[in-house]
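Here is what TrEMBL says about this protein:
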type	residues	note
ACT_SITE	ARG27	active site
ACT_SITE	ASN45	active site
DOMAIN	12-98	domain 'Acylphosphatase-like'
Amino acid sequence: MQPTDHEQERQRKRVIVRGQVQGVGFRYYASAEADRLGVTGFVRNHPDGSVEAQVEGAAASVARMLEWLSTGPPWAVVDSLTVTDAPLGHDTQFRVLGAS
């Protein structure tokens with residue numbers, strides 16, 4: 001069975017955001033932006049001070065979320081963004097998780 005156009009355009013990205021990204025509401029702003037864009041996945045803090053997000057949805061929506069993650073909320077200072085492909089997770093919502 002061939003995947004539909006909708007399935008082909010869905011993608012999931014794993015993103016590590018480094019900089020001043022903890023203690024500035026990054027995860028909660030990211031969740032609000034994900035809801036606005038209609039993407040699913042999660043966001044969580046890492047002990048090294050970085051934030052990890054996994055974002056899944058239509059390619060265009062994922063691209064817009066990656067753009068948002070590259071700057072973050074007003075009080076964040078994003079130094080770098082590392083983006084890799086991830087397998088589809090078929091999440092039904094975008095969640096804020098505790099630290100890994």
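Cβ coordinates come from backbone N, Cα and C, glycine included.
Just so you know, TrEMBL annotations never went through curation; they're auto-generated.
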Around the Cβ of ARG27 (active site), the count of other Cβ atoms that are within 10 Å: 22
Separation of alpha carbons, ASN45 (active site) and ARG27 (active site) (Å): 8
Taken over the domain 'Acylphosphatase-like' (12-98), the model's mean pLDDT: 97
Residues satisfying Cβ distance under 8 Å from ASN45 (active site), sequence separation of at least 6: GLN22, ARG27, VAL51, GLU52, GLY98, ALA99, SER100
Collapsed DSSP category at ASN45 (active site): strand
